[in-house]
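Reviewing the structure listed below.
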Amino acid sequence: MELCAKKHPPEEERRVKANAREYNEKFQYASNCIKTSKYNMVTFLPINLFEQFQEVANTYFLFLLILQLIPQISSLSWFTTIVPLVLVLTITAVKDATDDYFRHKSDNQVNNRQSQVLINGILQQEQWMNVRVGDIIKLENNQFVAADLLLLSSSEPHGLCYIETAELDGETNMKVRQAIPLTSELSDTSKLAHFDGEVICEPPNNKLDKFSGTLYWKESKHPLSNQNMLLRGCVLRNTEWCFGLVIFAGPDTKLMQNSGRTKFKRTSIDRLMNTLVLWIFGFLVCMGVILAIGNSIWEYEVGACFQIYLPWDEAVDSAFFSGFLSFWSYIIILNTVVPISLYVSVEVIRLGHSYFINWDKKMYCAKRCTPAEARTTTLNEELGQVEYIFSDKTGTLTQNIMVFSKCSVNKRSYGDVLDVLGYKAELGEKTEPVDFSFNPLADPNFMFWDTGLLEAVKLGDPHVHEFFRLLSLCHTVMSEEKNPGELYYKAQSPDEGALVTAARNFGFVFRSRTPKTITVQELGRPVTYQLLAILDFNNVRKRMSVIVRNHEGQIRLYCKGADTILLERLHPGNQELYNVTTDHLNEYAGEGLRTLVLAYRDLEESYYASWAERLHRASMTSEGREERVARLYEEVENDMVLLGATAIEDKLQQGVPETIALLTLANIKIWVLTGDKQETAVNIGYSCKMLTDEMTEVFIITGHTVLEVRQELRKAREKMLDSSRSVGNGFAYPEKVSASKLTSVLEAVAGEYALVINGHSLAHALEADMELEFLETACACKAVICCRVTPLQKAQVVELVKKYKKAVTLAIGDGANDVSMIKTAHIGVGISGQEGIQAVLASDYSFSQFKFLQRLLLVHGRWSYLRMCKFLCYFFYKNFAFTMVHFWFGFFCGFSAQTVYDQYFITLYNIVYTSLPVLAMGVFDQDVPEHRSLEYPKLYEPGQLNLLFNKREFFICIAQGIYTSVFMFFIPYGVFSDNAHLADYQSFAVTVATSLVIVVSVQIGLDTGFWTAINHFFIWGSLAVYFAILFAMHSDGLFQLFPNQFRFVGNAQNTLAQPAVWLTIALTTVICIMPVVAFRFLKLDLKPELSDTVRYTQLVRKKQKTQHRCMGRVGRVGSRRSGYAFSHQEGFGELIMSGKNMRLSSLALSSFSGRPSTSWIETLRKKKSAGGDGSAASSPSGGGLDRTLKV
C-alpha cells in the first residue's frame, strides 16, 4: 500500500501544537491524504509488467519467446508463444487495472470529503486531504471522523459525545467519549481560535484501545487516554456537534495502521505444482540433451555426406555446434509440456468454485440476509483437505445472545423452576414466567421463571437489593429514552446488556449517566450516585469496578468479574458464604452457563482521597503509566465482601452438534479454544457431542508448573498405550518408543480419548521443550478443548499444529480476538455474528452459522479438490501426449527440430481445441450428489490423504501421456510408410493432429463423472471447431489472402477423404483408450473406491424405484413411498447449554460409526501414520464396506 506522505524515521514521541501549522510542519508529519492505489496512467504498464514477470512461469515463457526470435534455433513462429503469453498478461493486467481503478475511486471519494477546519479564527470548508496535524476540526452529527482527534468540546453536557466504531472493530453499539474538563468549555470558535495547548503523546501505532498522552496548557498538564480520542473511521452519533484537535493524520491514523496486508496463503496443490513444474523442466532439459546429442551424431555421421544438398547454416561450423543449436530449438518445441494456459485455467476454475459458494442458497441465512462469501479464490481445493478445525465458541458455536438465567445471593440460588413440593422441575409449556407488571419500566422481552427472587426484592432483602444495585451501577451501558418510559440500552457486550436488563426488571432501573453521576430508579424512587471512578475491564484484569458516593456520603466500590480473579480478592471472613457461592458457581458452570462474581468494598473518605491523588499522579506520568495505574487498581480491589454470582445462558446455534458429529465422522479433528473455566469447557464438549459417555477417557490437564504439566501429559500417553496393550489389536507396543515414532504409535491406539487443558497449563505446554509432548498427546485424542486461553494462545496452538503436522488447518471464529487465529491457519473462516465484522474481514470465507461449515467442507471443499485434481491429471496427460510426438519424430527427421504439427495447431491446441472441455470438467464435475457427500462423510478422507493428485498420480498421468504419444506417432507413421498415396509430411501431420484431438476428447469423456449440457457443448463443439479451422486453413480462400502462410491448399480435405486415414485414426483411438477402459473396469470390479460404491448403490435404488413404479401401474391402487428427512467480551467464553440429537441418516451412521474399519482408506491411513510409504491395501468390498451395501 502506497501513501501520499514520504516515509520518515520512526517517531519516539509526537508533539502537536494547536492552531500552529508552521510549528507542526517542521516535524514533517504525514498529511491526511490517503493513497491505496498502486498505479497511475504513466506507471501502470511498466510497474504491472514488472510485477507479472516476477512470476516464474511468465519469466519462463518470456525466455522462450526470446529464443524463438533467434532465427538459427527457432523452428516455430514467434506467435506460437507470444499469443498465449500476451493473452495471459492482458487478462491479468485488465484485472489489476480494474482493481486499481476502484482503489482510485475510493481514494478520491475519501480524500475529497468535506470537513470544517478552523483557520485564522474562521471555520472553512476543506477537503480531507488538506487537513493537517494541529488543525481544529468541527464535526456534526452522523459525520465520519476525518483523522485521529483529541476531543476538545461538544454540544453535550460535560463534553460528552457518542460514536459508532463499526468501521474500526465491527461493533455497532455506541460508545461514549469525553473531553477533559479544561477544554470542554471551549464551545465557540473565538475561544478555540486562542487555544494554543500542546499535546505530547505516543508515536503512531495500531493499538485501537490504547492512547497515552499529556496536554500542556495554561501552565498545567492533563493526562489523556483513549476515552478522550475520536479515531478516523468512527461516526459521530446523537451529538449535534463537537470540536477536535488533529493528532494523527492520513497513514498515521490507527485505522490505516491496522490496514496492513494479510499474509498470502498458498494451497498444498500450488506447492506441489511448483515442484512438479521444476521436475518437468528438468525432464525437458534431458529430452533436449538427448535430441541434441542425436543431432550431433547424425550430422557427424550422416549429415556431413549431404553438405551439397543440406548445407549447414553460416554460423554452424561443426556437428557439435549444430547439436548445441538443436538443443535450444527442441527446448522451444517441447516447452508445451508446461503450457502457460495451465495457470490461467487453474484461476478460472477457482473463480468458478468461489461463485458456487457465493450462490449456494443452502448456506444463505434468511434471518440475517447473509449469504456465504468466498473472500479468496486461491484456497478452494484446500477446503477438501482439512484435518484440524480450531473453533472459537462465543458466537461461533453459540448464538451470543445472552439471557439472565440464574443467580446466587446470600447462599441462596435463584432461577430454578420449583414444583409444589419445592423440588426442581422441568420448564414446561404451562410454566408461567415471573410477572413484572408492577414495574412500568420493565423490558417486556425479559423472562425469568423463579418468583422467589422477585419476592425477595419486594420484601426488602438488603442483600438482594445490594445485588441488583451493583448490576445497575457497575457497567458502561448507555441509556437512551426515545419516548417516555421506553428505555433503550446500548451495551458494549451482550453480557453487560443482559445484566443491566435483569436489574431493570427487578426494580433497579438504570436511567441515565453523566461523566460524574449515574441515575438509577430504585423501586420507583430516583436515586443519583456520584461517580468517582471507573476501573475498566481488560483482558488481564478480567473484571471492572466503579467507585460511587451515595446520597448519604458513603463511598463504595462495586466490582464484578471472573470467579478465578475475584474470589482471590475477597475478605477472608464469612467462609460459609464463600463455600456455598462456589458450589453454586460450579453448578452453573456444569449446566453450561456463563458466570460472574459480584462483590463490594466500603472505602473511607481519607483513604479514597489519598488513593485518588495517587491515581491522578500516576495518570500524569508519561512513562510506565499503565503499570502504575494497574497497581493502584489492584490495591483498591482487595478485601471485598462477596455479594453473589450471576449465570447467563448462551444457547448453542442450531445444528452445531450434528455438524460436529458429521465432521468427526469425516476424520476431521475439532479443537475448541474458549476462555471459560474447566467445568464449563467439559460441559461444552458434551453439549456439542465432542465428548461422549462412550469415550474411553477424558484427560484433564490442570498443572500449575512445568513439571506437573509434563507429568500429566505423560500419564495420559501411558494410559493410551496401556489400553492398547490390553486390547491387543494383533500386536504389542514396545515398552520404549522413539520420539520420532511416538506420534504415529499414539494415533493408532485403540479407543477414543479427549483432552481438556487449562490456560495456565497450556502456557507451559506451549514452551519449546514441551510443545512436542503436548502435540503428540493432543493429536492422539479425538477431541481437544483448551479453556481459559488468550487470543495469542489460540494462534500459538494453530501454529504448533501447522509446524509439526503435515495437515491442513482451519480456524473459525466471529470476534476480534479470533483474528490472529484466523490469519495463522491455512484457511480462516469468519462468522458474521454479534461481535462485529473484524473476523469476517480477516477471513478467507465467511457465513453466518457454524452449521454451514459442513457444506463448505464436505460438499464445496470436496468437490473443489476432486475437480482440481482431475483437471491437473488430465491437463498433464494431454500435454505430454501432444508434446512427446515431437520427441519420437526427432529420431526420424535427423534430429533437425522439425515439428510434426503445423504452427497454427501448436498455437491453438491449448487455447481453443482442448481448453473448454477440461475447464467444464474442472468447474462442474462431481462424483456423487451433494446429499450423498453429507450422507457418507468418509468420502472426504481421500483429500486428507492427498490421494487424488500427488507425485504418484502425476507419474501415472505422464506415463499415460507418453504411452498415448508412442501410438499416436508410430501407428500413423507405419501406415504412411507403406502407403504411396499417403506419403507426404502434411498429410501425416493432419492425421496425427486429428487422432490427438479425438483421443483426448474421448479421454475427457471418460474422465467426466457428471455430464451437463455445457460439457456436451464444449466437448463436441471443440471437435467441430477443430475440423472447421482445419478445413479453413487448407482452403483456397485463405491461400489467396495469405499465400506465404497457407500453402497446403486442399490437403486436409484430400487426407480425410481417404478411408485408410480414418481407419488409422480409429485404430489409434482404440489402442490409446482401451487400456484405460480395461484398467478402470477391473479397478471398479476388484478394488472399488467408496465413491464408486456410493454411485452403485444410487443406481440400484433408482432401478428399485423404477420397478416399484411399474408394479404400481400394473396391479396396485395405493402406493407406499419412502420418507427421507432432510434434515464478550475478552477473557470470557460462553458456556454451551443444550445438546441436540444427531439427525444423520441411519445408513451413514451404520456404515461409518464403527471405529475399527478395514476399508482401504483406513489401511492407508494406518500405514501412513506408521511411517510406511505403501499405497492401498485391502479391498473395500470387504469388512466395513460390506456393511455399507447392506441397506
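Glycine too: its Cβ is placed from the backbone N, Cα and C atoms.
Just so you know, TrEMBL annotations are computer predictions that nobody has curated.
Here is what TrEMBL says about this protein:
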DOMAIN    16-82  domain 'P-type ATPase N-terminal'
TRANSMEM  76-94  transmembrane segment
TRANSMEM  276-298  transmembrane segment
TRANSMEM  318-344  transmembrane segment
DOMAIN    840-1088  domain 'P-type ATPase C-terminal'
TRANSMEM  871-892  transmembrane segment
TRANSMEM  904-924  transmembrane segment
TRANSMEM  954-976  transmembrane segment
TRANSMEM  988-1006  transmembrane segment
TRANSMEM  1018-1039  transmembrane segment
TRANSMEM  1059-1082  transmembrane segment
REGION    1165-1191  region 'Disordered'
Residue counts in helix (H, G, I), strand (E, B) and coil for the domain 'P-type ATPase N-terminal' (16-82), per DSSP?
31 helix, 2 strand, 34 coil
What residues in the same chain, six or more past the boundaries of the transmembrane segment (1018-1039), come closer than 8 Å to it by Cβ-Cβ distance?
902, 904, 908, 912-914, 916-917, 919-920, 990, 993-994, 997-998, 1001, 1004-1005, 1045-1053
Mind checking which residues of the chain, 6+ beyond the ends of the transmembrane segment (954-976), have their Cβ under 8 Å from one of its Cβ atoms?
276, 873-874, 876-885, 887-889, 892, 900, 982-983, 987-988, 991-992, 995-996, 999, 1060, 1064, 1067-1068, 1071-1072, 1075-1076
Rounded mean pLDDT for the residues that make up the domain 'P-type ATPase C-terminal' (840-1088):
90
